[in-house]
Amino acid sequence: MDRQKEFVLRTLEERDIRFVRLWFTDVLGYLKSVAIAPAELEGAFEEGIGFDGSSIEGFARVFESDTVARPDPSTFQVLPWKTSDGNHYSARMFCDITMPDGSPSWADSRHVLRRQLAKASDLGFTCYVHPEIEFFLLKPGPNDGTPPEPADNGGYFDQAVHDAAPNFRRHAIEALEQMGISVEFSHHEGAPGQQEIDLRYADALSMADNVMTFRYLVKEVALADGVRASFMPKPFAEHPGSAMHTHMSLFEGDTNAFHSPDDPLQLSDVAKSFIAGILEHANEISAVTNQWVNSYKRLVHGGEAPTAASWGAANRSALVRVPMYTPHKVSSRRVEVRSPDSACNPYLTFAVLLAAGLRGVEKGYVLGPQAEDNVWSLTQEERRAMGYRELPTSLGNALESMENSELVAEALGEHVFDYFLRNKRSEWENYRSHVTPYELKNYLSL
């Protein structure tokens, strides 16, 4: 048994851990969990925990449903609150999902990302990610379609001390840091009730695990503070939606491969081709980075979200932004992709972003001129004249772009690609057939 497994088993005994929760993520990004007693963990390390894969979204067909969850000891952390008896703690580990013969399950989101990271490694790169995660705090209420009510009336950077949960961010950050997740900073975002917590850089797989842990902890802390948290991309028509702006960089050993001292923006050829790859394939990957019908209510003109495939230095109206806070700090050279929302599957999102960027690097894509104007204010004719391709305006548009994409099919693997398309087509058709209050209000008198 290796040292990490021995450390986990020893910690369970020393901390008197009562339950071990084994986590994994389905294809749509929902967190799944099975709890085992500490005495069962050594066996789980050796043989895994079997479960019915046909009962998990996108995993397996009923006639080939035996699936195994194998805990990854490197992800072991003690949860930051006690069990219901008030005397014990629980711990959690993420799992890799395999078939009974030990081969990776093609439906495992972690495996999808691992394959892209292995490709980056073959090219000599390690991928690091830093997300800005936005979400809303709402007052308690039914989940029946009733319009939600924000927990406060604050705005951008406001010190909202009179809200319904004045200590929420402090409580959330304390919980995150107890789980080994480093927070860079936090603040109130632009809309009432909207919060942002930025996680410090980590390798892409660890960060995807961190994002799943983040969403779980934030919801639990919110409930404890008497409010509820929502990662819905656009819960309020009149306010900006919730993004997960994703900062990415590639390193070669300890060297930032995105940095070049000879460029005016200090961007290397690798960085420029990486950006060009994301711009070229932006429409194809949109259904993954923005996977819900509601996601496209956020990606609208004037919504503080990208609507065209453009890039720029410090330009927040562009799809890809090059942050210029510290222009002479080599280690911080990075690109920020502004389209993903905080309700995406982070494993699949990081995988397709990396696949698009690496395609640009491998093929030597040439980056066009940067956007120096406010892209939101340009007409469609002006955008076309400048070479800015419109991003999908609906989930239906995004699926049309995705279904013929060799890049996305290769990045996700045939199983996840086919299931994702089937599931999302069903979601889109269900939405298209739904008659909304807007239609009744405006058209019933016809």
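Positions of Cβ are set from backbone N, Cα and C atoms, glycine also.
Residues annotated as domain 'GS beta-grasp' in Swiss-Prot, with sequence analysis given as evidence: 15-102. Helix, strand and coil counts from DSSP across the domain 'GS beta-grasp' (15-102) read 19 helix, 41 strand, 28 coil.
Per Swiss-Prot, the feature site 'Important for inhibition by glutamine' maps to Arg61; the stated evidence is similarity to another entry.
Annotation comment: Swiss-Prot describes 109-446 as domain 'GS catalytic'.
Taken from Swiss-Prot, the feature Mg(2+) 1 binding site covers Glu132, His245, Glu336, and the record attributes it to similarity to another entry. Its Cβ taken as reference, Glu336 (Mg(2+) 1 binding site) is surrounded by 20 other Cβ atoms within 10 Å in the chains shown. Taken residue by residue with DSSP, Glu336 (Mg(2+) 1 binding site) is part of a strand.
Swiss-Prot lists Glu134, Glu189, Glu196 with the feature Mg(2+) 2 binding site, giving similarity to another entry as the kind of evidence. DSSP assigns Glu196 (Mg(2+) 2 binding site) to a strand. Non-local contacts of Glu196 (Mg(2+) 2 binding site) by the CB criterion (under 8 A, 6+ apart in sequence, same chain) comprise Glu132, Ile133, Glu134, Ser186, His187, His188, Glu189.
Reduced to three states, the DSSP call for Ser249 (ATP binding site) is strand. Per Swiss-Prot, the feature ATP binding site maps to Glu184, His247, Met248, Ser249, Arg316, Arg321; the stated evidence is similarity to another entry.
The L-glutamate binding site annotation in Swiss-Prot covers Gly241, Arg298, Glu304, Arg316, Arg338. In sequence order, Pro233, Lys234, Pro240, Gly241, Ser242, Ala243, Asn290, Ala305, Asp341 are the residues near Arg298 (L-glutamate binding site), counting only same-chain partners six or more apart with C-beta under 8 A.
Checking each of the binding-site residues Glu184, Glu304, Arg316, Arg321, Arg338 against His245 (Mg(2+) 1 binding site) by C-alpha distance, the shortest gap belongs to Arg338. By a simple count of nearby Cβ atoms, those within 10 Å, the most crowded of the binding-site residues His245, His247, Arg316, Arg321, Arg338 is Arg321.
Taking the C-alpha atom of Glu184 (ATP binding site) as reference, the shortest distance to any of the binding-site residues Glu304, Glu336, Arg338 belongs to Glu336. Among the binding-site residues listed here, namely Glu304, Glu336, Arg338, Glu336 has its C-alpha nearest to that of Arg321 (ATP binding site). Across the fold, the C-alpha of His247 (ATP binding site) and the C-alpha of Glu336 (Mg(2+) 1 binding site) stand 4 Å from each other. Between the C-alpha atoms of Arg316 (ATP binding site) and Glu304 (L-glutamate binding site), the distance comes to 8 Å. Counting Cβ atoms from all protein chains shown, Glu304 (L-glutamate binding site) has 17 others lying within 10 Å of its own Cβ.
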